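Novice: As annotated in Swiss-Prot:
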type: MOD_RES; residues: Ser9; note: phosphoserine
type: MOD_RES; residues: Ser33; note: phosphoserine
type: MOD_RES; residues: Tyr35; note: phosphotyrosine
type: MOD_RES; residues: Ser48; note: phosphoserine
type: MOD_RES; residues: Ser65; note: phosphoserine
type: MOD_RES; residues: Lys170; note: N6-acetyllysine
type: MOD_RES; residues: Ser208; note: phosphoserine
type: MOD_RES; residues: Lys217; note: N6-acetyllysine
type: MOD_RES; residues: Ser401; note: phosphoserine
type: MOD_RES; residues: Ser402; note: phosphoserine
type: MOD_RES; residues: Thr408; note: phosphothreonine
type: MOD_RES; residues: Ser441; note: phosphoserine
type: REGION; residues: 1-77; note: region 'Head'
type: REGION; residues: 136-227; note: region 'Coil 1B'
type: REGION; residues: 251-389; note: region 'Coil 2'
type: REGION; residues: 390-448; note: region 'Tail'
type: MOTIF; residues: 308-311; note: motif '[IL]-x-C-x-x-[DE] motif'
type: SITE; residues: Phe333; note: site 'Stutter'
Amino acid sequence: PRHLEPAGSNRSYVTTSTRTYSLGALRPSTSRSLYSSSPGGAYVTRSSAVRLRSSMPGVRLLQDSVDFSLADAINTEFKNTRTNEKVELQELNDRFADYIDKVRFLEQQNKILLAELEQLKGQGKSRLGDLYEEEMRELRRQVDQLTNDKARVEVERDNLAEDIIRLREKLQEEMLQREEAESTLQSFRQDVDNASLARLDLERKVESLQEEIAFLKKLHDEEIQELQAQIQEQHVQIDVDVSKPDLTAALRDVRQQYESVAAKNLQEAEEWYKSKFADLSEAANRNNDALRQAKQESNEYRRQVQSLTCEVDALKGTNESLERQMREMEENFALEAANYQDTIGRLQDEIQNMKEEMARHLREYQDLLNVKMALDIEIATYRKLLEGEESRISLPLPNFSSLNLRETNLESLPLVDTHSKRTLLIKTVETRDGQVINETSQHHDDLE
């Protein structure tokens, strides 16, 4: 019998069949053992060769008497045994032919499965391997590109951050300058107000001086008129009193004195007025120059403040746009990174599935190889059995005519064992990781 178990089983079956025929002097003994074990998934089958053993027990025959009935009985029994063996051999040949057909069929199936396996390996190697390598190269290229883009974006971000810091510092400086300009402008406005007040004061002073000059001029004219009237009166008196020369000379002296005093006073008044007017004009010019310069500086500072305000607004807009672009780039990069991570995870799952499928194909291939090995071993076993049967059949028959028969007493002959004995040994061995963990044996004796 043939015992096959799936690969990976740890149970071993050992079946021993012993068949013994004992017939008087001729005892053919046939022993056949079939060991089948599968430690770790490998099948091992061993069969012992068929042995034909002829024994001649101590049969004592007398020379003077020959009993041919015993020889006929032995020949008849031997012929029956040979006939039974031929029938059994014919059945064994038929079974072996069926087994050969089955082995050929299994070999063909094995070849078909091997061809399919090679085809699957070739397809997997040509299609899946190339696709996997190409996809991995593409993913590596994309990862490198994303790494370069990330580095470039980080550099741009750092540059923009530095620009923002520099612009903020510049903004602070401009704000400080603006505050200083506003404070300076405020002081200049105070100076302008003071200059305006001084100018108004000077204008009032000029008006008062002009009024005073007009009053003095009017007073001078009145004095001149009075002096002229007095001179005319004195001249009349001189004309009347011609006979008095001393009075005329005195009047002339007085008139000269008055004229010299009036001319001196008039000259002094004109000089004072001119000097005062020159001083006031110079002060007014100075104040006008200071006012004009203050106005120019105020306009210049106002223009600077407006330009700085516009520049600050432009820098704020640029900063906001750059920050918005940076946020958008970070969001896009995070989204692309998540997509690439999902793609990498999906590809890794596909690779794992492919590895599992390849492992399953390899296990199936290993199982097929184990089955093929077991079949080869079993074929070799049956071949040895057939060779043993052929060698047993080809043995020459014993020549009973050449036996040295002697006279004997039939009653002294031993009893002839006319029954057949068949011993069946079933041995079960259970192994795990190449070590025997359980072993049982069962003996069955059958008499025929």
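Every residue, even glycine, has its Cβ placed from backbone N, Cα and C.
I'd like to know what surrounds each of these features in this structure.
Specialist: Around Lys170 (N6-acetyllysine), the C-beta neighbours below 8 angstroms that are at least 6 residues distant in the chain are Leu315.
Shown in sequence order, the list is empty: the chain has no residue 6+ apart in sequence with a C-beta less than 8 angstroms from the C-beta of Ser208 (phosphoserine).
The Cβ of Lys217 (N6-acetyllysine) lies under 8 Å from the Cβ of Ala269, each on the same chain and at least six residues away in sequence.
Averaged across the region 'Coil 1B' (136-227), the predicted model reaches a pLDDT of 83.
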Novice: Across all the protein chains here, work out how many other Cβ atoms are within 10 Å of the Cβ of Phe333 (site 'Stutter').
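Specialist: Result for Phe333 (site 'Stutter'): 14 neighbouring Cβ atoms inside 10 Å.
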